[in-house]
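**Student:** What follows is a single structure, and I will ask about it in a moment.
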């Protein structure tokens, strides 16, 4: 039982470490040679170039301007300055709405924390229950934290009415905020979808499970089907090719081209000596040849092969998958087709909104309907075992990976291992390593499972993985920390507990775990978030790559690794804080300020990262919000049920029945919201589509839509012969759609902008101070 | 513990009573004066007239032809003879598919019964476990039934593998049959929807929650909205009036008209005396006046008032509800509109398929969206209390309704009550009567609850009520019989039992209840079904009405009361038999033949009733099948879980884990079927619509669709001024849509029929023998 002092000490340590991270970040990011690590977003947008301009060589790498160090925390207000509409233009709606999750946390927990401190802390503190309880037992101690929590209220006390009222207040407040937020985000989504830009996915529908036809190839079949069934709206279509071989060949060619660039660069610097290479693996052995000649020939060879493969892929009917992107003359036509059933058999000619081109997960487009159910079944079983029994193989690996095991397997290592400090290191380190590796790769495993399940868009893959990751965290982190024991032991316990006893068992344990979770929030939340802004791993990797591997400018571009938000990993972790906050709000309100600090800090940090670092790979227009909403509701219901369990053990029998209404009301609130808002995230209203169509017809009567849509949904490998695919698409995307941002780096030649007439009033300091 | 002999005796009694019912029916239905009770369907179709033709007066009432009595069971093959397509024409798809539920029962349980008798009965019978168990205790006895059941297998026996395999076989067989059936019924539905007839609901969409507009009345608003958003497809619309006042006035006028008819008939028979009536209540007191004159004046007055009210309803904008039936030029247009979201706000301009005109539940058309969620919440809570706590008020009433209570309330009755036989009658009868009344009115209560929830079609009201009634039966009949005790006591028990213990507790009790359920099947199933065909209640009521109340031919028509299938009451009861069959198939296979006999008998009886008696009020094109399917799956899962519980108490630990896979597989089978087939019952494929449209355009290029649809969805009270509403609609419906049946009563002048060229080969004996 930690005292308030312990918690204070721990808080001080964590605040200090977070502060150290922040200071380190503030200093590192000002150094020009780190520029690509801390501002990759601007490089990718083409609004910032490498700092190779005038000045001494040393200034290329180190910032010597003392003034910029004085204002080292200025990134915080700077991160706040970009207004939300501009943020949406700059980083996409997904990122902007992702930030609103943190903001939602603040909006929910700040008033709750104030109220809880005003009401519950005095109610709890003014009891002497724990004091009296432990007076007889000098051995047992209680902490100040416990004195502030519900544990300090004697059984059958009338004071529990305060907690009950508080539970109602929290539920209503949370629901109110959730409702407002859902409403707002639905509006933002609709506004985003209806905004001025024309986008290929507005006109396009993904058709899957095109039935095989002996007489017609897929392409003609699709054309005929839609000409017949959507005669007034059908415009064009693109079949989907199985281009995985081609993709790998293009990747190989790109590597060769990179080598060639490197040697040409080398030669241009030192023209006295033609560079040589060896033909074998990685240029390490084999015949010695002239490098430039060798790679030129290799590239030519590869180009020919690629041309052949492309020919083969394009013309071979077997490489055409039974799926197609069908485009319509109007948004209305696409909206109609995406929302209706096409044929009697609802498992063929499946239509759905096309994801935006960047978001398509090409490999999954050809999975037949029957196999989908089987894949889902297998993944369901696999996930069940993964969640509840993952400890078994890990414990097995741990039992193997001890000193004796290593000595047995590799006797020659014995003298080294027996050294005492190495021995103690191994003994301290090894047992945990299997678990740690597992937890690190877990999101990747879950992502793989989602891919096997056959989702066709990267965004839906991430949403699916996120919901599984949340469940895993709920079982193994939240419940696992409260009820000590592996998940499969818990499963057994819960199967043997009655429906009444489960909330009681967990509820009783909850107040005792408050200090543990406070520490967890500080370590994982505070320090973790501060660590995120430092980007230690990308920083190190970038400099390593830059020193040893980077051969060309393109390599440097790739070494930047801006990363992205990683919804599948990040969001479930945020949800854990919602869960902790809601569960402890009534039980141990002292935990709330820690949650609030987490949300505030994370909001700031991620806003900064989204503006300057992350490069979102796709745009789903906040399609994930219904999931976020549902998970906060889940946390709310869990908190209500656990409070019921806790209160029933306190023999506050007269108040417990009043709590019963809360989960019922919350579930109905959830259903209401689902009916009210979810269609906005699944469907596209016809009125919007019609309005947009009419407007467009009036403005651009001679628009060549067919030309615009012709190649929008072509497999990335067919786009450009020799270029990095992501890069290609991103560029095309920006040309096609996004409004040029208002912000410009001063280091950069100002780009002509649509808004160039208006000087940019929101030019953030983050850029100003770097000059 | 009943022995086989006891069961045999009980079976004999029940078979005998069923046989008596059947013989009584066979005799009664041959009497001409019962003709309207046993063949009302033919009267309603206009294919049969009252037996007023040649012959002696006595032959009008009694059938003296001895030959027809010889073949008195001939209705059975006759009921089987009508082929299914003709049955669909004759009674609608709903009725035909309803029959298939019984047929499904046969298809599932006949092979299972054969297999169980071949495998499980020998496996169980050849053990001596019970014999040995009870050898020491001569007081305890076991029955032969138990010797045939799983109870006779000793714990930890390897014979449980046979039961395990059987559980797998049953699951796979049931799923296979369910799949085939779902597929067939989906095809039937699509074929029915796509069949030749043009129906108004194919072109029409019901629009609800039209938002209020200060500038435009509802009608114009609807027109503008759809002209803008469905410009190529919109044809016309009809607003919905709140015509409840008008409806009651028309009803009143109809009564007056009936009286007038009666007195005119009376006068025409006996012209010597003009009939008189009194002006007061029911013509019992008040001034004496000339009846014909009085009613003529009254009707005229009423007509004027109705005209005024109609004027008021039509023109007063306040009587127009914010809902409309919008019709489109093509089926394609309607299919598109019904399946898409119209505006940003998904709670206004809600579109759904219009139910067919007969099926509309007019009162609910104006409920706003927000109130729907609240209504659902209230009904959810109400249903919860109804299911689990209905015994409390009933027990209270029972405690009041005893002899002492009556004597206290009405002391003057004391001498009568004190008579011993009356006393014993009251004591025996009173306690049960409250419960019985409750059970009789329960379906009506559930129907009322569904109405409050705001469904807009009678068919969906019935489906909703059915699912609640099923839940009620599951809890209070199935579980209530196994675990004795009121539902709220059970609820408490289950909340205090662990997830492991619930199936154990129920599973162990199941074999002991086999004889009870066998008796239940015989009494409620066999005798109940045989009683249904006798139609004792309608028979008595018809003759009573005919003797005392019937004044005119129209009255006689109404006295027929053909009834209808009553999906909301009948289907959940059938499902109880599915549940019993599946639960006991492995545990006590001796129960299966009783189930098979029930399904066979019920199939025959209801086929006969549907052909000759019931007059279905609406046609939902088998929209209820997904519910039926889901409930059979529920029964299957319950059976699997209970078997798992039972086996785990038998310490057949090695086999129990293999059962775990069954519910998982079954749930995934359910999900697969849901994806594969349910859209067919919710949506209308565009290909079908387009095909039908194209065909129609080619055949009838000059069709005046607007004229056809103009008044299709007008409130029944606006249809005809002075006629029975149901009658009106039914007639119009038949003229508009149904293909004239091939069958004709010989008593009737043959109607001209489309198929008159082909002689009717399937003319059933049921009609032949009546000549």
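Here the Cβ of each residue, glycine as well, is placed from N, Cα and C on the backbone.
Note that TrEMBL annotation is computational and uncurated.
Okay, these came from TrEMBL:
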COMPBIAS  B:750-764  compositional bias 'Low complexity'
DOMAIN    B:8-181  domain 'CSC1/OSCA1-like N-terminal transmembrane'
DOMAIN    B:202-364  domain 'CSC1/OSCA1-like cytosolic'
DOMAIN    B:375-647  domain 'CSC1/OSCA1-like 7TM region'
REGION    B:729-771  region 'Disordered'
TRANSMEM  B:12-30  transmembrane segment
TRANSMEM  B:101-125  transmembrane segment
TRANSMEM  B:160-179  transmembrane segment
TRANSMEM  B:377-401  transmembrane segment
TRANSMEM  B:421-448  transmembrane segment
TRANSMEM  B:469-488  transmembrane segment
TRANSMEM  B:574-607  transmembrane segment
TRANSMEM  B:653-673  transmembrane segment
**Student:** State the residues, same chain only, that lie 6 or more residues beyond the ends of the transmembrane segment (B:574-607) and have a CB under 8 A from a CB inside it; answer 'none' if no residue qualifies.
**Tutor:** 11, 18, 76, 79-80, 82, 87, 98-99, 101-103, 105-106, 108-110, 112-113, 116-117, 120-121, 145, 148-150, 163, 166-167, 170, 174, 470, 473-474, 477-478, 510-511, 514, 517-518, 521-522, 525-526, 529-530, 532-533, 565, 628, 631-632, 635-636, 638-639, 642-643, 646
**Student:** Ranking B:12-30, B:101-125, B:160-179, B:377-401 by the number of C-beta pairs under 8 Å to the transmembrane segment (B:653-673), which range is first?
**Tutor:** B:160-179
**Student:** Look over the recorded stretches B:12-30, B:160-179, B:377-401 and say which has the most C-beta pairs under 8 A to the transmembrane segment (B:101-125).
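**Tutor:** Highest pair count goes to B:160-179.
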**Student:** Would you kindly list the residues that approach the transmembrane segment (B:160-179) from elsewhere in its chain, counting only those six or more residues past its ends and only Cβ-Cβ distances under 8 Å?
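**Tutor:** Residues 104, 107-108, 111-112, 115-116, 119-120, 123, 150, 153, 582, 585-586, 629, 632-633, 636, 639-640, 643, 647, 650, 652, 655, 658-659, 662, 665-666, 669, 673.
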**Student:** Could you tell me the mean pLDDT over the domain 'CSC1/OSCA1-like cytosolic' (B:202-364), as a whole number?
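**Tutor:** Here the predicted model's pLDDT, averaged over the domain 'CSC1/OSCA1-like cytosolic' (B:202-364), is 81.
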